[in-house]
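Listed in TrEMBL for this protein:
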| type | residues | note |
| --- | --- | --- |
| SIGNAL | 1-25 | signal peptide |
| DOMAIN | 90-203 | domain 'DOMON' |
| DOMAIN | 208-398 | domain 'Cytochrome b561' |
| TRANSMEM | 243-264 | transmembrane segment |
| TRANSMEM | 271-297 | transmembrane segment |
| TRANSMEM | 309-328 | transmembrane segment |
| TRANSMEM | 349-367 | transmembrane segment |
| TRANSMEM | 373-392 | transmembrane segment |
Amino acid sequence: MAIPSFFVSFTKILVGFCLLCMVHKDFVVAGFEEVRVEHDTNEPLTNGSITTAGTGEDGRSELCGTDLSFLGPPYGNMSTAKMVCSPIWNTFVLRYHQREDNVMTIILSAVYTTGWVGIGFSRNGMMLGSSAMVGWFNRKGHARIKQYYLQGAHASQVIPDKGELPLNGIPPVVSLHGAMIYLAFQAKFEHRLGRQPILLAFGTRYPTGFHHLTKHDDKTAVWFDFSQASVLNIDTSQRKNHGILGLMAWGLILPAGAIVPRYLKHKDPLWYYLHAVIQFLGFILGLASVLLGIQLYQSMNADIPAHRGIGIFVLVLSILQVMAFFLRPNKDSKYRRYWNWYHLWFGRMALFFGSLNIVLGIQYAGAGDDWKIGYGFLLAITLLVVIVLETFSCMRRRRDKSNLPSNFQMNTI
């Protein structure tokens, strides 16, 4: 079947543009927006929040000039002049001091009413695999502060009294002073901290049971440069866009394009053009998702070997499928049978591993139930469509078979 020349020209331009994007080395690595901790208002706690941009020196002095003697030794004995103090997010203020032996004293403060407040240390700006110090006062007014290991997104996977923060023998402290809660602890690191991904979160409900944390009311992730006391906001929209593009490509469009040739072959040549256009659209979105993933890897050091490896493998399979479009032999060619086998099974492998990578991405990113429900909904819709079309296909084959004329038999002589 001849392919219209305009269609071939369009697809060649489209594929050429995509391959150009893949090898282009000068794209801007986005993902961080520097936030200066300078202030120009005399009311740094107006409406219960501190903005991380736009407070003057007077406001900063008011925030950081608090006498910390109420914390007791060794935290209360430290001179405020020795400690670096920086507003970091909302009402959160971070104070710290690094000694020559790499022992760091960290004091986090925030406006407090009920619930808990926490600060976490991450390898790549993501919650999974990070360790956090969390403090609160229970309903009886008793102070509690614990280290938690954030093994997963569910409350049951946030494990108390575990973690990788190298706390020394000085007990951590949590204290209330005025409207603020203070978390103080010491840790001895292997080297002096420079730019470090920091997680900040709070919840207004008390921890339950055996100190299991309730779900946070709000959270953020920032790069904090301990050598310069500067804050770099992590642009979480990049991560979200990467997930959305991958979900649309491998969870919706490419499966839909694979359904077309199975159930619409009787609509020739319409099925062929629909299949080609839908799959090219899915390829473009999948490629855009991969490019965003490369940016995330370079800007956030988001090192997730399994997710990245499967993504590269799926991209290679997708490129081979695009190449198959241009290498499609004629129907009467002796190689057509092998081409059909290659195109079918490589496509199935790409869809399977693409779906697997969506699940891994949701899991590693700690994306939450909304993403799981959304992808589950797409899978359910796809399965329902396949069942309905398979039913109609079986009915049509039976009807066509029943309409065939009966074989004419000759009488024997």
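Keep in mind that glycine also has a Cβ here, set from the backbone N, Cα and C atoms.
With a threshold of 8 Å between CB atoms, the same-chain residues lying at least 6 positions outside the transmembrane segment (309-328) that come near it are 11-12, 15, 250, 276, 279-280, 283, 286-287, 290, 293, 339, 342-343, 346-347, 349-350, 353-354, 356-357, 360. Each residue in the domain 'DOMON' (90-203) has a pLDDT score, and their mean in this model is 87. For the domain 'DOMON' (90-203), DSSP puts the residue distribution at 3 helix, 65 strand, 46 coil.
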